[in-house]
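Right, one structure below, let's go through it.
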Amino acid sequence: MASKLFLAAALLQGALSSPLAVEERQACAAQWGQCGGQDYTGPTCCQSGSTCVVSNQWYSQCLPGSSNPTTTSRTSTSSSSSTSRTSSSTSRPPSSVPTTPTSVPPTITTTPTTTPTGGSGPGTTASFTGNPFAGVNLFPNKFYSSEVHTLAIPSLTGSLVAKASAVAQVPSFQWLDIAAKVETLMPGALADVRAANAAGGNYAAQLVVYDLPDRDCAAAASNGEFSIADGGVVKYKAYIDAIRKQLLAYSDVRTILVIEPDSLANMVTNMGVPKCAGAKDAYLECTIYAVKQLNLPHVAMYLDGGHAGWLGWPANLQPAADLFGKLYADAGKPSQLRGMATNVANYNAWDLTTAPSYTTPNPNFDEKKYISAFAPLLAAKGWSAHFIIDQGRSGKQPTGQKEWGHWCNQQGVGFGRRPSANTGSELADAFVWIKPGGECDGVSDPTAPRFDHFCGTDYGAMSDAPQAGQWFQKYFEMLLTNANPPL
């Protein structure tokens, strides 16, 4: 009903503001609606104010940024191949990461979760020293909040409604998982923070840079839009240049970036996967380019650092330190490359007293133990790295995982610690929510495109899962129910 009401309102607004016939508007998808994709049979144009952007062969979406209705042809039938992630004590699989959602309704007004403490404005440059999360508040992700309010809440009842509303207010990261979002969503996200600061706040923006060519090389669920064989490195550098342009336009907004989840960790453990071996040089070149280009005074960057059940195994720690230490040096030791983000889209706890059975025999069975073991090895390579830890889905411990390497839509998990710079650790800058809880990790249907076997029910994944990035209501409700601290 909510979506129908929004569509009606959008149609009415279009009719009032434009001489075009209502019938023409009704033939085009509303903002955030689907406008193309494999086997899609709906509208292939967008209403005024949006443009149809191809995310992948299965999905195109109407994103803000065009003044006229636009069209896109349906993608041709094809398939993408990928080698599934491995699972062994020294080569643990990465966690899944979101791609563009299939339907995102209009954003709603949200309010920051903490009290404003000061601000800045256009024409100035934000700056900080040390921990970029210290002395600043985080702003809710309106893109994610809109999903919660219009995709999740309408079908909830009782106490879950209030819990979901609370989740919508928790600050989380906005993902730039396709190049088009740099021009459509990124300016709005930064403008929201600028406006809040102008009203007396002191807020930072949180973004994920995620569009490497041959992305997600060890899995199938989140393959991206760029291919190394088709000029992907050049296209990626243009994507980074576009991000830099937006950051310079909003130099008054302190911005925290997570750089390329599920990428370089594969270069440590998954060189036996042909796609990863073939992508290594491109991954390194692209990542170095990114951290050099985005090395701006108001920006803090964190490379993705896997998690305790991946790079945290003793046999993986030194090779990981060697790789990241060399990259840091090869990039010229960027001043704004603060450290690493761990546990992105995964389920690990921060600090446990008892090891879950599925973590045996790894002595680094939580993220605190992992970074405590990893940091000295990085320091020995010349990088005094600090860490941020994703706790968005780490509330329930132990989880329902059968094995630690099972990463996709795992059951028995819940929303976790709320974002905070009060970590009690000199190494940990902040607890954060990087993965948007409720967006699917990967499709569970073995016959579907982009199916990864880790997303099958035999691996503990929840059934009836849609494609990666699509809203997964049943999973979201589980996260609400199992939240710790409770919502």
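Just so it is clear, glycine is given a Cβ too, placed from its N, Cα and C backbone atoms.
Source: prediction; values computed, not measured.
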Going by Swiss-Prot, the cysteine from Cys52, Cys217, Cys276 that pairs with Cys35 in a disulfide is Cys52
Tell me, if you would, which residue among Cys35, Cys46, Cys52, Cys62 (disulfide-bonded residues) has the fewest other CB atoms within 10 Å in the structure shown? Cys52
About how far apart, in whole Å, are the alpha carbons (Cα) of Asp441 (active site, proton acceptor) and Asp216 (active site)? 12
